[in-house]
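Undergrad: Got a structure here, written out as structure tokens. Questions coming.
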């Protein structure tokens with residue numbers, strides 16, 4: 001086998017390993033995001049992952065989740081005056097991850113952590129119930145994906161939004177769930 005073929009095979013194996021850890025990611029173009037310009041994340045790889053819920057309707061289909069993403073982006077841009085949707089990624093209960101600001105971009109989701117974190121959340125309200133298994137798996141896999149791709153530090157810390165600022169987010173039920181996830185930091 002020549003050197004080019006060997007490199008191609010090794011690259012394919014590496015990419016297959018990364019994609020196996022990543023959930024299906026719906027791009028901004030696929031969900032119909034508005035154009036936006038946001039700053040690069042100054043501290044990379046991000047040492048923190050901040051978990052949220054959107055405190056609105058949940059979604060279980062591609063169409064419903066894309067609509068929720070557009071609704072949230074409009075609220076953040078038009079209502080809050082932000083440059084874009086505040087989160088880096090959101091996950092639907094259809095098991096897909098939706099690109100918000102994306103990897104390497106500074107979010108607007110947790111004051112004091114925006115310049116050093118990846119803001120992730122699940123679409124819906126999770127005060128009394130936890131997200132379904134598909135959403136929980138996608139969220140955990142998205143963190144693993146971010147580590148594998150070098151966007152999240154391998155020694156990252158996971159916190160709930162309420163640990164960064166006085167809020168009920170990510171909801172009592174979901175917060176209790178993420179407290180059991182790897183690398184959760186109770187002592188922020």
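Every residue gets a Cβ built from N, Cα and C, even glycine.
Remember, TrEMBL labels are computer predictions, not curated facts.
Feature list, courtesy of TrEMBL:
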- 22-145: disulfide bond (DISULFID)
- 59-65: disulfide bond (DISULFID)
- 23-165: domain 'Peptidoglycan recognition protein family' (DOMAIN)
- 36-171: domain 'N-acetylmuramoyl-L-alanine amidase' (DOMAIN)
- 1-20: signal peptide (SIGNAL)
Undergrad: Taking every protein chain shown into account, which of the disulfide-bonded residues 59, 145 has the largest tally of Cβ atoms within 10 Å of its Cβ?
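TA: Sorting the candidates by Cβ neighbours within 10 Å, the top entry is 59.
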Undergrad: For the domain 'N-acetylmuramoyl-L-alanine amidase' (36-171), jot down how many residues DSSP puts in helix, in strand and in coil.
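TA: Taking each residue of the domain 'N-acetylmuramoyl-L-alanine amidase' (36-171) in turn, the totals are 37 helix, 31 strand, 68 coil.
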Undergrad: Same-chain residues six or more away whose CB lies under 8 A from the CB of residue 22 (disulfide bond)?
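TA: 97, 141, 142, 144, 145, 148, 149 - these are the non-local Cβ neighbours of residue 22 (disulfide bond), listed in sequence order.
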Undergrad: Give the number of CB atoms, excluding that of residue 65 (disulfide bond) itself, located within 10 Å of its CB.
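TA: If we count other Cβ atoms within 10 Å of residue 65 (disulfide bond), we arrive at 24.
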Undergrad: Could you give the mean pLDDT over the domain 'Peptidoglycan recognition protein family' (23-165), rounded to a whole number?
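TA: That region's mean pLDDT is 97.
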